[in-house]
Amino acid sequence: MRPEHVGTPQQFALASGYLAAFFASHAIHALATPFFQMTRALDPFLLSVVITFPMLFSMLLSGRIGRLCDGMGAQPKRRALQGAGWVSGTAFAMMWMASANWSDAATLAYLAVIGVVFYLASTLLIISLRSMTFALSSTASETLKVMSFTALFERLGGVLYFWLFPLAQLGIWTSLTAGIRAVGVFVGAGLIGGLTHFCANRINLGTQRSNMASDFATHPQVSPNLPVEVKNALLILLTLIGIKVGLIGAFTSLDFYLLVYYVSGGDIAEGALWKGALSTSFAVFSMMMIPVCLRIALRIGARGTLKWIYTLSVIGSCAKWYIYTPGNQAWLFLDALLGSASFVALTAIVPAMLNQLSHRQAEESQQAVHGYFASRQSMVMQGSILTALLLGGGLLNVFGFDASLEGQQDIGTITAFRYVLAWGTAFLNCVSLMLVFIYPKIDKTTYVRAESMPVNKENQCQQ
């Protein structure tokens with residue numbers, strides 16, 4: 001039987017897994033670009049290809065990986081999580097071992113092979129972890145609490161993530177290469193492999209999920225048959241993720257360029273300082289906002305909380321027009337405050353709603369579908385990250401940005417940056433708010449198991 005509730009030890013186990021998943025998803029970008037471009041002088045375009053192609057390949061296979069997880073029992077799924085953690089961690093550590101004596105072609109080929117192994121293993125890690133999370137928490141209130149707790153650790157990972165490259169530059173290392181390799185081994189073996197191992201060995205899925213997998217998903221399909229209302233709800237939730245990570249992520253990447261080339265007049269050091277202050281403030285406010293949003297969601301429901309969050313985000317987007325101007329640097333803290341709730345929507349509220357859809361479909365179809373829903377989320381996240389990287393660079397070219405001009409950028413370029421950062425994100429947040437309003441109302445009673453909370457409280461959490 002499934003545990004009656006997800007207790008503190010299990011929540012910490014899940015949180016350690018999500019911290020490992022965060023580094024598996026983001027750490028490569030924190031080290032690869034500065035290291036291979038600064039010390040190895042690899043072609044930036046070719047480097048981006050060998051990094052993004054394996055990610056795209058694993059993204060295309062995520063659906064099958066998800067359904068593979070649905071066909072696993074409790075113990076095989078834990079072993080899959082543990083194995084994926086060590087394989088992805090080892091691959092991450094090996095990525096920085098390319099010899100400086102190799103040719104550029106040999107180095108790129110090495111990175112491509114290691115990248116395929118890394119991204120396939122990390123995709124299995126993320127999908128199996130989310131699938132297990134969905135299986136553990138079936139009630140709406142419980143799901144919100146679990147996802148909020150794991151979001152806190154993801155935010156902690158976001159804070160540590162910015163210090164990986166500075167850590168590799170410390171004077172304790174004989175060279176930058178030695179520092180990168182040491183940090184790579186620490187992240188791979190400790191933060192990815194070690195934390196995933198701890199998570200897999202501490203999670204208790206019980207026997208009910210194992211029986212469910214064997215009885216309901218003996219011959220899993222890549223895409224299960226979903227009712228129309230579930231398809232529409234899933235599409236809306238995935239679209240919210242895509243808008244936030246892919247489009248808004250690309251638009252807000254322009255804030256650094258405005259801080260350096262407009263607000264600071266081309267002074268890179270000063271602009272980077274303000275960007276660091278903004279990122280730190282956002283991290284702190286995001287961690288503070290998690291319990292606030294959880295409390296609101298338990299009172300007015302997940303949909304009501306999303307309406308509140310996106311309304312606040314629209315206000316924050318409009319404020320960017322005035323904040324990102326010379327002399328208004330002190331107001332950057334307000335930008336961080338107004339935008340911090342959107343992180344909670346992405347990492348806690350929307351995943352909790354996906355969890356509830358997954359349980360609804362599992363109950364009605366009598367099939368294991370947690371892996372399928374987790375794979376959809378993973379696929380959209382990976383695709384959105386790629387979109388943000390490509391679109392962010394494309395916007396710089398389209399608007400005529402020239403780094404050699406320093407603080408003398410064309411006024412048209414600066415104005416275009418300001419329009420996209422402020423009114424572009426405001427428009428996208430309005431679209432997200434509209435999607436929340438049309439989110440379909442699905443029968444709540446199908447979410448409730450025999451061991452769930454009283455129906456009146458459960459209904460309140462779903463509204």
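Using the three backbone atoms N, Cα and C, a Cβ is placed for every residue, glycine included.
Among the features that TrEMBL reports, transmembrane segment is placed at 12-32 (among others).
Within its own chain, the transmembrane segment (44-62) is flanked in space by residues 28-29, 32-33, 36-37, 104, 108, 111-112, 115-116, 118-120, 122-123, 127, 375, 378-379, 382-383, 385-386, 389, which lie at least six positions past its ends and keep a Cβ under 8 Å from the stretch. The transmembrane segment annotation in TrEMBL covers 44-62 (among others).
Marked as transmembrane segment by TrEMBL: 83-102 (among others).
Look at TrEMBL and you will find 108-129 (among others) tagged as transmembrane segment. Tertiary neighbourhood of the transmembrane segment (108-129): same-chain residues 14, 17-18, 20-21, 24-25, 28, 36, 42, 46-47, 50-51, 53-55, 57-59, 61-62, 65-66, 69, 77, 80-81, 84-85, 87-88, 91-92, 94-95, 98, 102, 192, 196, 199, 371, 374-375, 378, 382, selected by CB-CB distance under 8 Å and a gap of 6+ residues from either end.
The transmembrane segment annotation in TrEMBL covers 149-172 (among others).
The feature transmembrane segment is assigned by TrEMBL to 178-200 (among others). Within its own chain, the transmembrane segment (178-200) is flanked in space by residues 13-14, 16-17, 19-21, 23-24, 27, 31, 35, 39, 78-79, 81-82, 84-86, 88-97, 122, 125, 129, 164-165, 167-170, 172, which lie at least six positions past its ends and keep a Cβ under 8 Å from the stretch.
The transmembrane segment annotation in TrEMBL covers 233-260 (among others).
Under the heading transmembrane segment, TrEMBL lists 272-294 (among others).
Tertiary proximity for the transmembrane segment (330-354) is limited to same-chain residues at least six positions away from its ends with a CB under 8 Å from its CB atoms, namely 130, 134, 140, 143-144, 146-148, 150-151, 154-155, 233-234, 237, 240-241, 244-245, 248, 274, 277-278, 281-282, 284-286, 288-290, 292-294, 297, 302-303, 305-306, 308-310, 312-313, 315-316, 319-320, 322-324, 373, 376-377, 429. As annotated by TrEMBL, transmembrane segment applies to 330-354 (among others).
The annotation transmembrane segment is assigned in TrEMBL to 380-400 (among others).
The transmembrane segment annotation in TrEMBL covers 420-439 (among others).
Nonlocal intrachain contacts for the transmembrane segment (272-294), taken as residues 6+ away from its ends with a CB within less than 8 angstroms of a stretch CB, comprise 144-145, 148, 151-152, 155-156, 158-159, 162, 255-256, 259-260, 263-264, 305, 309, 329, 332-333, 335-337, 339-341, 343-345, 348-349. Within its own chain, the transmembrane segment (380-400) is flanked in space by residues 25, 48, 52, 55-56, 58-59, 62, 123, 238, 241-242, 244-247, 249-251, 253-254, 257, 410, 412-413, 416-417, 420, which lie at least six positions past its ends and keep a Cβ under 8 Å from the stretch.
The stretch with the most CB contacts under 8 Å to the transmembrane segment (12-32), chosen from 83-102, 149-172, 233-260, is 149-172.
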